[in-house]
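Database features (TrEMBL):
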- B:24-45: transmembrane segment (TRANSMEM)
- B:65-84: transmembrane segment (TRANSMEM)
- B:96-119: transmembrane segment (TRANSMEM)
- B:139-163: transmembrane segment (TRANSMEM)
- B:175-198: transmembrane segment (TRANSMEM)
- B:218-242: transmembrane segment (TRANSMEM)
- B:263-291: transmembrane segment (TRANSMEM)
- B:303-321: transmembrane segment (TRANSMEM)
- B:328-346: transmembrane segment (TRANSMEM)
- B:358-381: transmembrane segment (TRANSMEM)
């Protein structure tokens, strides 16, 4: 009797419950990693002799030595690590902690293995410092844009109009910067332009109940037409006065900027980069540590319940859209005063959509969305650098890397994301 | 019986008119309001005309006269360029045909609750495949065209089907995937134009050989060509699909309420995949219009990086304006095709940048999507309470 009682207890302790969605995600991730491992295994046979990585650029005060890796063994090692990690995930016998470790190991292995294979095919070294610096620069507007989306969508307003906000902000920053010769004035102008665009989004989405995804697309068209028209009509004929804005300069943060490799990348950037990093923390704090943030998330998840306890759903949504517009304005300014100082038509080239992708992949969370922006910046910069190295891969294919990586990530790794429950749903009392 | 039948018929006609006249009235009002806003923008952005407004109260005829001259000159050129001659009408039809096809692709996806932002990439693949078949093979007249059209449609279907399959299998967000697929399609086109299969012999720039005459869409009159007929046929086919077929019923049901549709036994995943495949095929047909349709000189334009322009994105506004219904999409496509054709004339004749037409298009769609706003501006349209245009999209975001 006592023996039969204890046996079921022991069996219960070994039962491992896993939802169908989680199992599907684990299997697809595992098989993807196995496929990457197989790819690296094949690549290890065609790798060159040595892969050289430089850790300093020509202007760094402290010149770190280059790192030369034997390409074949390194690619082979990373291939085996990927196969082990992928196999572990597919088997389902890894604990939660080990699963995350497997994911990290696989990610690092893919990057190191691929770069080693690519660099070994070129006589030029792969510049790690440029890779990291470019990643930060490219990620800045994506981080800011995705934050704009996070705030709005947490409150239930889909923001496909990030692209339009970027465009209006970039245009306004260039013109205001040219007229005033002042970077702060240009940034303020950019934020106001994005806020006006946000006002339009809010008016039609919150008050007139227009479908929010289509509204975003239309606002993007309006921004493209408006900036294009004003550019053709006013700015281009008078470009010296209206389209020659001063450009942001890097602001080193004291001795921190002198740290080899990491210093110039993190602590010798423009104010916009620092603002982007600070903004991530600010949005996180606003959403998760303030009463206002609780209300924003409440109206995004269950507006009727929020209304019942006395929260004005429309007021909170308006506030969220306008607060988000601040970050979209800063992100848009990057394309003019943050880089070239001049506006050309459709200068944002779809980065608003990439920011939207980053926010969705980041599960509508400010930190994860920012990390996704960095991921996209990293892959984009890597494609650009490899193009310079003249690797065997056609340069046009390299330019597709960020987009293919994003589809693989969203289909295999992220899987089904859950938006705020009332995202995109207008609230009618 | 006879009296009853006749009365019922008359009632149905009256019912239809009373139900739809407000939609048409709102759309017309939206267009007029867009023209007004465009006029204001035109006046404000012209330094010479706006300078006259400084004397509005001392010499009003100077300000109003120059404003009227500016606006009437621009809109006059726009109208003449779109409708003012048989050649203009032909150009409008050739501009409208791809917008109608791609608009049908976007609209069909909307009816299933999907957002096909990827019509651009699907159109690119349609153009690439049709052009390649057009300049690579030598086939008899008629057969060559048929093979090229079928190939282009199939390519668009595959590119759209990938998105539908990913959505159905993994739940991948179709907005993200379609945006990425657009970039991938453009990148693939750039690569293909560097390969010997696609590069024109003797040239280094990215341009393809010319499509053979046997594969070109025949011109009926000037730039009015068979492609426009195909677009209308596609609209009729989509209407039949949505209104008269079980597959279409599934599409509408899934779009209206995926949970109820699933409970009723329809496979949401299968319907999603089918819808995106069909949407891709329609967008591929839009690409074919660019690749095989006659240009001003009578021959198709060779394949280049920018051949399909921005048809995939313009199609989104066409589908919106057309309320995701085939008949509406045809008229919206004609309207925007006219604006495209007229914009060129407006720029050359009246020196008003053709980008103004983009503003007009956006404003028209905004007003159509917000009928309550139109009723606020024009109170006589306020009758029954105007609800948001639920027909713009079938389902939730």
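Just so you know, glycine gets a Cβ as well, placed from its N, Cα and C.
At the 8 Å Cβ cutoff, the transmembrane segment (B:65-84) and the transmembrane segment (B:328-346) share at least 3 close pairs (sequence separation 6 or more) and count as touching.
Count of Cβ pairs under 8 Å against the transmembrane segment (B:303-321): among B:24-45, B:96-119, B:175-198, the largest is for B:96-119. Segment contact holds for the transmembrane segment (B:218-242) and the transmembrane segment (B:96-119), given three or more CB pairs below 8 angstroms at sequence separation of 6 or more. Relative to the transmembrane segment (B:175-198), the listed stretch B:96-119 leads the set B:96-119, B:139-163, B:263-291, B:328-346, B:358-381 in CB pairs under 8 A. The stretch with the most CB contacts under 8 Å to the transmembrane segment (B:328-346), chosen from B:96-119, B:139-163, B:358-381, is B:96-119. Below 8 angstroms of C-beta separation, residues 53, 67, 70-71, 74-75, 321, 335, 352, 356, 359-360, 363-364, 367-368, 371, 374-375, 377-378, 381, 386 of the same chain, each at least six residues beyond the ends of the transmembrane segment (B:24-45), sit close to that stretch.
Long-range contacts of the transmembrane segment (B:263-291) within the same chain, counting only residues at least 6 positions beyond its ends with a Cβ under 8 Å from a Cβ of the stretch, are 94, 97-102, 104-106, 108-109, 111-112, 114, 116, 118-120, 122-131, 134, 148-149, 152-161, 163-165, 167-169, 174, 211, 217, 227, 230-231, 234, 238, 241, 247, 250-251, 253-254, 300-301, 303, 307-309, 311-312, 315.
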